[in-house]
Amino acid sequence: MAAEAEGLEPQAAATEDAAGDATEAADAELCLLVGNRLSLDLYPGGCHRLLHLCAQQPPQLREVEFLQLSGHEDPQLLEATLTQVPRSLQRLRSLVLRGGQHWDVLGACLRGSLTTLPAGLSGLARLAHLDLSFNSLETLPACIPRMRGLSTLLLSYNHLSELPEALGALPSLTFLSVTHNHLQTLPIALGALSTLQRLDLSGNLLDTLPPEIGALSSLTELNLASNRLQSLPTSLVGLQSLRLLVLHSNLLTSVPTGLVHLPLLTRLDLRDNQLRDVPPELLDAPFVRLQGNPLGEALPAPRSPPGAPVILEMPRLFLNSDVDSFPVTPQGCSVTLACGVRLQFPAGATVSPVNIQYRLWLPEPRLVPLGPHDSLLSGVLELQPHGVAFRQKVSLWLLFVPPRIRRCREVVVRTLSGDSWGDLDTHVEEEAPKRLWAHCQVPHFSWFLVVSRPVSNTCLVPPEGTLLCCSGYPGVKVTFPPGATEEPRSVCMQVVRMASRELRALLGEPEAAASPLLCLSQSGGPPGFLQPVTVQLPLPPGVTGLSLDRSCLHLLYRTPLEAAWDDITAQVALELTHLYARFQVTHFSWYWLWYTTKTCVQDLARKAWERLRLHRVNLIALQRRRDPEQVLLQCLPRDKVDATLRRLLDRYRGPEPSDTVEMFEGEKFFAAFEKGIDVDAERPDCVEGRVCFVFYSHLKNVKEVYVTTTLDRQVQAVRGQVSFYRGAVPEEVPEEAKAARQRKGMDTVWMATLPIKLPRLRGSEGLGQGRGPSLSLAPLNLGDAETGFLTQSNLLTVAGRLGPDWPAVALHLGLPYRELQRIRHEFRDDLDGQIRHMLFSWAERQAGQPGAVGLLLRALEQSDRLDIAEEVRAILELGRQKYKDSIQRTSLAPRGLDPADPAAPQSVESAQV
């Protein structure tokens, strides 16, 4: 019995260990539950985690209403996981199975592996939101038409060629998005979706529309852009609820005249079609966009004298930010884009007309190829169609941020050619102080960005040998003897300087010094030379060949495979002169000459190499004075903090900047709101409630977000915080630097925490009102006694209606074009942010000034936004009437007194929208 007991003890211990492991795993998975949300799309093995939770059945799982899974899971595992969902998540209201979270080498989103859904998902009675975007669906899963409670269905970026007639059986559907698929026809039953309010079918292959589409009585937004439509059914004039109709980039030759008479229509986009004869009603309507159409008949060209050459003037195009394409003909043209790009197509660059599309991408590590000591100076420009060769080279100008350090550095335009990135011959042109353009010639279209790199000197080394000198450091030379190579090889030299004070601080030695860091590289071929080549480096600063101690001189070599530094002083013969050191090498790599009393310098060299890549920065979190829910987050170089704060503190307030932290170029980091404060709305750059940043030392790492709280602000103010955490280290960072950071543990993930305070709401503030500046602050006193006053809430409504027309309104308000460009650059990923910043900055400057409201009304009218102007007038009249009634009701003024009279007391609030 004792033996049996002894044999059972290990089994019992193993059982306890397994139970402990299972408990720990379940606890880790429960940590992913945030309220009633379960987000597993950003974690490896999300399906395994969900299956484990379903097997354990914790009580929190039954409360889940929002589930996110990645579409990049194994198809069989994903199907098995989804089969368990109806049994375990019966309260589920939102299911997101998106792909597009992985990218290829060109930065394009990869589609998920999802091709169908299990039939049992139709049993989710409460499901209202289904997102299957960026997957591989070729047909609509049969279970979807049986989801009777579905209100939102997102199917963008799949391979759907048709939609089934059964789709019309969804009685609650209000939003359907099937963009960027392969749809050629639409089902007749689509007209049966009587509750549908938004329909987006852009980016497909549609050439006709069924007449039944006119039966969508609740439809307010219809997007059919980038299809092949040649005509429209007349039944579209029956869409009496329609407010937005987008038809740009089709083949339309005519449109029904009755569209202009739709009672609620505020925007009709017909750009880039084949419209020639347009009814006068469309031409005169202020909400119709017709750019890019061959309107009217072509006028005959004036006759030239016999024998005189015909000279055609090159067309000039100036494109707004809402235009993403333009045509190029054999005549050529000059194009200026709103994103800080200029192009010039010479005559004869194309044989036939070509439609060029462009897009400015936010810089991310997957799109930005940087060398070990490169810095990014611009966004990423994509020009399509990729790879189309021009008969003559096209000139390209890219606006970039001037680099802070220019000595021994150069600015180049980097582009993708085939599968590799290369640098183009670039000339820097200065248009004005701190306004620089990078000019280059491009043979075809691809991806382009501007980088600052160490000066690169390149030469073709023939078998007879040659001499390569550094243009930035004349004392750095490499001599290639005869026989160093059998065939001509292209060799590149780069030199990087490290400040002596940084090296002395690192080593703790006042006499330490280092020569410039030399890199020898090539585009291809054997890793070494057939004969040793002679390298000349200047001796470290303050050291001469007559006074140095040779035991303190160290020649360091970076081993390519191990990515470590070796001291090779004893392996080479150092020839010293008064100012230089010469030695022979046989491999391409990095070489560095140090002068220090330290004996083991390999690890110190690794730290110094890492220090060359690091930038010292501070983090700030400021709240707008008039709207504390609007928070500005920014990462600034240490020397830019004071000047930036002086510029911002008239409109923002907040705590002191964080302590100085160090970051790599291209490193990701996150801002997380904590202690009762959260991001107010879903953002594409928000992951699990954390706002994602990518640090680039020369770009403005700034974002403005709205925050909210679930706590009752009528009882007391909410005192929360925002914390900054490190993310992924960029791939081009040396491996030894990554390993050093990982060895330091998780404490290095946290960088800083700054307080955020939302003040207490007083009285009825915030009751029944949406997000906006009027929630917690006194209203903006914009206007005067004659024209009336507008509150911040009114201005927020105006901002929400402007859309892409905001630059025209800004110019009519008197804002200089340079300020428009600055706003576009600061908020280049946020159209709403551009509009709000422009309007509220102007309003703050106009506060208390007479005639401000009249100026706004004129600007709206001159920008063809009569709809908004009329709405503003109605608000002003309503506010004046309410004030007059209140005065008479409280007997504070005799009957007949006009509150618009300058002598009459004025209300601080106008009508709320």
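Using the three backbone atoms N, Cα and C, a Cβ is placed for every residue, glycine included.
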Notebook entry, point to check: region 'Disordered' per TrEMBL sits at which of 290-313, 650-673, 698-721, 890-913?
Noted result: 890-913
Margin query: With helix taken as DSSP H, G or I, strand as E or B and everything else coil, how many residues of the domain 'Death' (791-876) land in each class?
Written below: 69 helix, 0 strand, 17 coil
Note to self: Using DSSP, what is the helix/strand/coil residue split across the domain 'ZU5' (322-454)?
What the structure shows: 0 helix, 79 strand, 54 coil
Checklist line | Stretch-averaged pLDDT - the domain 'Death' (791-876) | finding: 80
Next item on the list: Count up the helix, strand and coil residues in the domain 'ZU5' (455-597) according to DSSP, in that order.
Entry: 14 helix, 68 strand, 61 coil
Notebook entry, point to check: Just how many other Cβ atoms lie inside 10 Å of the Cβ on Ser589 (active site)?
Noted result: 16
Margin query: Whole-number answer please: how many Å between the C-alpha atoms of His444 (active site) and His587 (active site)?
Written below: 35
Next item on the list: Take the C-alpha atoms of Ser589 (active site) and Ser446 (active site) and report the distance between them in angstrom, rounded.
Entry: 31
